[in-house]
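Features as listed in TrEMBL:
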TRANSMEM  23-47  transmembrane segment
TRANSMEM  67-85  transmembrane segment
TRANSMEM  97-119  transmembrane segment
TRANSMEM  125-148  transmembrane segment
TRANSMEM  184-202  transmembrane segment
REGION    252-276  region 'Disordered'
REGION    284-303  region 'Disordered'
COMPBIAS  293-303  compositional bias 'Basic and acidic residues'
Amino acid sequence: MSSPSILGGTSLFTGFTKLCKGLAVVLVAGHIIVQILPPAVNYLALIPARTIPFVWNLITAGYIEQSIYGVVASTLCLLIMGKLLEQVWGPKEFLKFIFIANFLISVCVFITAISLYYITRRENYLYMPISGFQGILAGFLVGIKQIIPDQELSLLRIKAKWFSSLMLLIAIAISFFTSESATYLPTLIFGTYMSWIYLRYFQRKPETKLRGDPSDEFAFSSFFPEFLRPIIDPIASIFHRMLCGRFETSTEDHGDTLGGAPLPGSDPIEATRRRERGARALEERLATAPSAEELKKDAAENV
C-alpha cells in the first residue's frame, strides 16, 4: 500500500494546529498595525541605523509583513508547513525553533547591512526597513528537507530535499533584476543557513537526549547537486570542526560511548534511522485522513 502524499494530498489545507493559527494571527495583526500606523514600521521593522537603542526590532521584525501579498503568502505557508513540522517536533520545539531562528536571522542581517554600508558607503543599507516572515519560512523548508527528504510534491514531482536549494536559486536569480534584493535575499540566505546549523548541531532529541542530525543525507553538501559535493565537502568540514568540534569532545567526555562504541542514537546511521521512523510515523498518521475518493464514495452511499 503506497503512502499518501504529505505535501499534495487532500489534507493539505485542513488540520491546522492551534499554535500555527495563533502565529498566523500575530502576522495578520502585525500587518494591520503597520497599515493603520505607518510610523510603527520605524520601531518594529529592522532598520540597522536604529537597531541601537531599539534592539527589540531584532525580534519583532520577523513577524511584521508590510505588504498584503507578503502577509497572505506567509500565513498560508505557515499554516501548511507549520502543521507538518509541529507534528514531528512537538509544539514546544516548534516554537523554540521559530524564536531562535528568527533572532539569529535578524542578527546576521543587521551585521550584513552594517558591513555593506562600510564597504560601499551607501546609506540606504542603514535605513532600509527589513521585515517579514520569509526567513522562518526558509527555515521551514530546511526542516521539511530533514524529516521527509524523499517526499515529492505531487504537482511538480520535486523531492522535498530540493525545496530549499530551488528557493534560494530562484531568489538569487530574481535579485539580478530588482533593486530591492537587499530587503529579502540576506533574510532568505541566513534563514536557510541558520536553520540548518540549529537542526544539524543543536536541536535536542527528547527520545535520545542527544542533539542535532549528523547523517550524511543532511550534510551541508546535500543542498548542492551531486557533482559539486566533492568540492563542497572539504570546505564544509572546516566549518563543521569549528562549530561542533568542542561539542563532540564534550560528548565523548560525558560518556556517550560504551566500550569505544557509540551509544544508540549517537552516530549518523542511527540518526538516519530516527528520521526514517519519524517520516513513516507521520505518513501513517496522515494516512488516516480520508481521501477525496473516499469522501465521494461515502457521500454517494449516504444518498
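Quick reminder: no glycine exception, Cβ is built from N, Cα and C everywhere.
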The transmembrane segment (184-202): which same-chain residues, six or more beyond its ends, come within Cβ distance under 8 Å?
-> 97, 100-101, 104-105, 108-109, 112-113, 130, 132, 134-143, 146, 164, 167-168, 171-172, 175, 211-214, 218, 220, 223, 243-244, 247
Cβ-Cβ under 8 Å with the transmembrane segment (97-119): same-chain residues at least 6 beyond its ends = 23, 46, 48, 51, 57-59, 61-63, 85, 89, 125-126, 128, 130, 135-136, 139, 143, 182, 186-187, 190-191, 194-195, 198-199, 203
Going along the chain, which residues at least six beyond the ends of the transmembrane segment (67-85) come within the CB cut-off of under 8 Å?
-> 6, 12-13, 15-17, 19-21, 23-24, 27-28, 30-31, 94, 97, 132-134, 136-137, 140-141, 143-144, 147-148, 282
